[in-house]
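What TrEMBL records for this protein:
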type	residues	note
SIGNAL	1-21	signal peptide
TRANSMEM	227-251	transmembrane segment
TRANSMEM	263-283	transmembrane segment
TRANSMEM	295-319	transmembrane segment
TRANSMEM	340-358	transmembrane segment
DOMAIN	346-387	domain 'Mechanosensitive ion channel transmembrane helices 2/3'
TRANSMEM	364-384	transmembrane segment
DOMAIN	388-454	domain 'Mechanosensitive ion channel MscS'
DOMAIN	464-549	domain 'Mechanosensitive ion channel MscS C-terminal'
Amino acid sequence: MRTLHRNACLLFCSFAFCVHANVAGAQQIGQFKAADTSSPHDTLRSFLEACNELHDLIQERQCVDRNSRPHREVAWRVLDCIDSSEIPAFARDQRTGEVAAALKEILDRVELPPWEQIPDAAEIQAAGGYEEFSRWRIPDTRITIERVEEGPQKHEYLFSSGTVQRAIGYFQEIDHRPYRTDGPPTSPDFYKWYLSAPGSPLLGSLVQRLPEWMRFGRTLGLTNWKWPGVILLLIIAVSVMWVLYSLQISVTNRVSPQKRLQYFPTLIFPLAAVAVPPVFLAICERYLTIRSTPLYVISFASYVVTIVAAIVALFAASTRVAESIIASPKINTYGLNAQLIRISSKLVAILLSVVLLVTGGQYLGIPIATLLASAGIGGIALALGAQDTLKNLFATIALMADKPCRVGDRIRFEGYDGFVEDIGLRSTKLRLLDGHVVTIPNEQIAGQHVENISQREHIRRSAEIRIPLDTPREQVERAIAIIREKLDQHEGMDNEFPPRVFFDEFGDDAFRIRFIYWYSPAHFWDFKAFGEKLNLEIFAAYEAEGIQFSLPLRHSYWKQDARQGPLEIQLTERSTGDLITN
């Protein structure tokens with residue numbers, strides 16, 4: 001993230017006077033005269049001389065020309081004298097430039113001591129060394145030059161971080177004072193020029209023709225001539241982002257994820273949207289030279305929008321990566337593996353988004369402790385407010401890992417019997433055998449017993465045939481043999497599960513013959529068709545052998561009175577067989 005911001009600053013962001021002071025820029029310092037910051041004397045002299053030289057260049061060109069090498073070199077010398085370590089990274093460039101202009105205006109209004117009274121390197125050594133002489137304050141001011149003890153400018157004397165923080169307010173307090181008439185040369189209206197000068201010679205020539213109230217007047221902290229440009233740029237930036245996201249939605253909806261070469265390039269739209277805020281900020285800063293509070297607001301908002309757009313791009317990328325993997329013919333689009341890939345990609349996107357938010361928050365000047373505390377409070381609030389959702393999410397992950405069922409499987413679960421149609425992040429949809437759809441929270445499925453019928457290797461049938469009790473033994477044996485013959489090497493037979501046929505028991509009303517067989521593969525309708533075929537063959541064989549089936553008989557007896565008590569039945573010898581009740 002830091003590399004991204006650094007590159008963005010190198011490409012787009014401009015500064016009050018120069019390009020962003022980063023590591024790459026530091027390597028260029030050796031190519032021109034650098035500021036001497038070895039003592040308070042040398043730091044103050046380098047700062048005043050560089051500011052005066054920069055003021056002359058701005059007056060000459062009527063703009064802050066960043067394409068001019070002399071301009072950049074002088075600006076580097078100005079910035080080298082200021083400790084900007086405690087300024088948030090997103091506003092460091094702009095704030096340091098404004099502080100430099102304010103400090104120069106202050107120093108042009110206060111009485112400075114003679115150069116010989118300002119400690120130089122020799123006097124510091126005579127006073128006990130650099131460790132003993134760590135800071136020096138300009139007499140009768142709140143400006144301090146202090147020795148830096150850490151960071152890239154370690155052991156250099158710079159305008160202190162405290163001076164940087166109060167410089168602009170200090171300048172506003174003494175702005176009414178006249179410029180001094182003795183001492184080092186002054187640069188009148190340096191701060192005003194800093195706020196109003198455009199960023200290119202072409203704009204400079206145009207702005208120079210405007211009335212003074214447009215050139216130097218300010219509304220809400222922004223120079224008047226810059227307002228039309230800012231509003232126009234803002235409209236263009238918002239319109240471009242709206243068009244990009246609209247194209248992303250419309251094009252993505254028209255392209256199938258199975259067509260990887262067409263689907264994956266749609267990521268260019270959210271990626272292009274990420275670049276819009278930095279470009280908007282770069283134009284505002286480099287050419288319109290937005291300064292002070294308006295620039296801080298624009299910078300902060302631009303970086304926030306960039307972070308949000310980057311998060312959107314992360315999720316878009318995760319979706320495309322997941323769908324590209326799922327598009328493989330080896331993966332069932334609606335299976336558990338596909339769902340696991342989608343969830344994993346989303347979790348990675350969430351993790352990267354959190355890292356991006358924390359890193360971006362630090363860049364915006366939000367302390368890491370505050371970010372972590374906010375994340376903790378937000379996590380607690382999320383956990384309390386979305387307990388069921390989180391439970392179902394973790395249950396979904398458990399389902400993905402255990403794989404008790406997949407899309408298309410027939411399962412039995414707590415009285416439900418049907419086919420799995422979809423396994424989502426929160427729930428599973430089950431189409432029952434009667435056609436109804438039931439939505440079951442994943443938490444319930446993960447915590448209960450699930451009977452997966454589709455994963456059985458075969459279908460088992462256990463049936464019973466009843467033969468009347470007066471059937472001769474030979475016919476009973478023949479009845480058993482017929483069933484064994486019909487099941488010998490039957491259709492769908494698994495050699496590890498041969499059929500079983502037994503004279504099971506003597507029933508109260510019939511002899512009971514039980515047979516069991518296993519049908520594979522477990523195709524239900526093939527199994528039912530074979531069962532029908534077997535039944536008809538047994539029926540035909542029994543009919544040919546004269547073997548009867550025993551059917552349960554029921555006799556109803558009616559009393560002729562309303563008296564309670566046992567029913568006594570006597571059978572008479574009359575041919576009519578009437579029943580006489582007593």
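In case you wondered, yes, glycine gets a Cβ from its N, Cα and C as well.
Proximity of distant same-chain residues to the transmembrane segment (227-251), defined by a Cβ-Cβ separation under 8 Å and at least 6 residues beyond the stretch ends, is recorded for 219, 266, 269-270, 272-273, 276-277, 279-280, 283-284, 288, 290, 294, 298, 309, 316. When averaged over the domain 'Mechanosensitive ion channel MscS' (388-454), pLDDT in the model lands at 80. Under DSSP, residues within the domain 'Mechanosensitive ion channel MscS C-terminal' (464-549) fall into helix, strand and coil as 37 helix, 22 strand, 27 coil.
Taken through DSSP, the domain 'Mechanosensitive ion channel MscS' (388-454) splits into 21 helix, 25 strand, 21 coil.
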